[in-house]
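The active site, nucleophile feature in TrEMBL is assigned to C369. Annotated S-adenosyl-L-methionine binding site per TrEMBL: C254, A255, A256, P257, G258, G259, K260, D275, D316, in sequence order. Summarising the annotation, TrEMBL assigns domain 'SAM-dependent MTase RsmB/NOP-type' to 158-441.
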Amino acid sequence: MKEPRSASRSAPAAEAPGLAARRAAADAVEAVLENGHPLEETLERLTRELDERDRGLARMLAATTLRRLGSLRALLRSLMERAIPEKARRVEVLMLVGAAQILFMDVPDHAAVGTTVTLVGEQASTAGFKGLANAVLRRIAREGKAILPDVADQPEWMVEGWTAAYGPASGEAISRALASEAPLDLTARQHPEALAEKLGGRLLPTGSVRLVEAGNVTALAGFNEGEWWVQDAAAALPALLLRPAAGMTIADLCAAPGGKTAQLAAAGARVVAVDRSAPRLRRLKANLERLSLAADIIEADATRLKAGPFDGVLIDAPCSATGTIRRHPEVAWTKAPADIVSLASLQARLLANAAELVRPGGVLVYSTCSLEPEEGERQIAAFLALRPDFVRDPVVPGECGIPAEWINGEGEVRTLPTHLPDEDPRYAGLDGFFAARLRKG
Ligand SMILES: C[S@@+](CC[C@H](N)C(=O)[O-])C[C@H]1O[C@@H](n2cnc3c(N)ncnc32)[C@H](O)[C@@H]1O
């Protein structure tokens with residue numbers, strides 16, 4: 001792994017405003033694309049020395065670049081006669097970040113061009129490309145979105161998969177929806193209507209509270225008091241399907257960082273929260289503490305765990321997370337078809353063991369934040385073929401406020417980023433999620 005530059009460099013005192021943020025954004029995009037690391041963690045590491053404003057700018061720059069990577073790359077390719085040599089790959093990343101500012105962000109063109117050219121000039125291996133970067137970015141500034149190729153912002157194989165699963169029109173619409181920024185959804189510990197009113201948010205039919213342009217979440221009213229937590233409206237559905245209530249004992253087998261554990265505990269259920277990742281369980285514990293909620297926490301491999309039997313078992317399985325590309329745009333570029341195959345195999349093993357932990361008559365909910373049928377619909381069909389002692393317990397329209405459009409022919413929840421359309425695009429969309437409710441005979 002290459003040493004990220006912003007970690008090893010201390011910025012000169014008289015540096016242009018925003019230059020450090022742009023350098024960090026380019027470092028983050030480069031590291032994500034090279035090493036496949038999650039963007040949030042990478043940015044966290046690379047922006048530690050920056051002030052809050054520059055941290056926010058770096059995050060916005062990196063996320064916008066990755067969100068629009070497909071069309072930005074195609075644009076650069078269309079404007080350059082020759083590909084940039086491998087040893088100067090950073091030039092391409094810097095130009096991508098520069099072009100993202102010009103086309104998709106509220107940044108003056110001269111600032112986007114000037115800072116990019118300065119950053120290209122910083123290293124001996126890239127300095128020779130200053131003229132190229134200047135010419136290409138100035139042309140983009142002059143001609144604007146008119147020269148942006150009309151191509152998908154995610155890899156071809158991914159979009160082809162969505163087209164095969166949901167039809168050509170939907171595949172394209174999903175791809176476009178995933179290139180938008182997501183709103184901020186909150187789950188209230190209690191009283192969602194009151195929370196919506198207090199924060200000026202919109203109460204969604206399923207009980208989530210939606211905010212736009214909310215800024216720093218920890219500064220929102222009620223954060224320190226543990227009145228709510230951040231959770232996409234679609235991510236809030238699987239726990240609701242268990243119909244959690246006081247007196248129930250529920251195992252949450254892939255629990256960290258605890259969004260669904262918190263929902264189950266807030267509803268009064270006794271929750272056993274299991275995860276194999278100790279650091280992620282530490283986050284779960286801290287989250288529950290902030291919310292004044294409790295769960296029994298177990299660090300274990302849920303494919304082998306022996307416990308229960310439980311009234312309800314939730315498997316919010318590890319998955320490709322392609323449904324969350326609006327929030328985690330790097331997912332489009334860090335996942336490969338082989339990952340889906342290996343994740344599907346892990347999910348099948350999790351389901352097989354979870355089946356043993358459910359009491360007769362109890363409920364098993366399986367969910368993933370993936371748009372890939374291999375991690376959703378097909379996984380459940382294969383499980384039911386092996387386990388005739390389980391049947392689907394279909395979700396009905398209106399249950400928990402879930403509209404008919406989000407329920408497939410088998411009574412499973414299938415949300416898409418194109419769902420929940422709105423005249424104001426800032427309020428539109430949902431993460432792509434799959435959730436099936438099964439009952440043990
Ligand atoms: C999609 S995340 C869970 C998100 C969580 N349910 C929430 O709502 O906040 C999947 C989790 O599964 C955990 N995991 C992966 N493989 C596991 C296994 N074999 N046993 C237990 N946990 C596992 C990961 O550490 C990760 O925390």
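Cβ atoms here come from the backbone N, Cα and C positions, even for glycine.
Just so you know, TrEMBL annotations are computer predictions that nobody has curated.
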For the recorded positions C254, C369, the one whose C-beta sees the most other C-beta atoms within 10 angstroms: C369
From C254, A256, G258, K260, D316: binding-site residues whose CA lies within 10 A of C369 (active site, nucleophile): D316
Cβ-centroid neighbourhood (8 Å) of the S-adenosyl-L-methionine site, C254, A255, A256, P257, G258, G259, K260, D275, D316 excluded: D252, T261, A273, R280, L284
Under 8 Å by Cβ from G258 (S-adenosyl-L-methionine binding site), same chain, sequence gap 6 or more: A273, R283, L284, N287, L288, A295
Nonlocal residues around A256 (S-adenosyl-L-methionine binding site), in sequence order (Cβ under 8 Å, 6 or more apart): A273, D275, S277, R280, L281, R283, L284
For K260 (S-adenosyl-L-methionine binding site), nearby residues of its own chain (Cβ under 8 Å, 6 or more apart in sequence): A235, P238, A239, D252, L314, D316
Mean predicted confidence [pLDDT] for the domain 'SAM-dependent MTase RsmB/NOP-type' (158-441): 97
Helix, strand or coil at K260 (S-adenosyl-L-methionine binding site) [DSSP, three-state]: helix
Cβ neighbour count within 10 Å of D316 (S-adenosyl-L-methionine binding site): 24
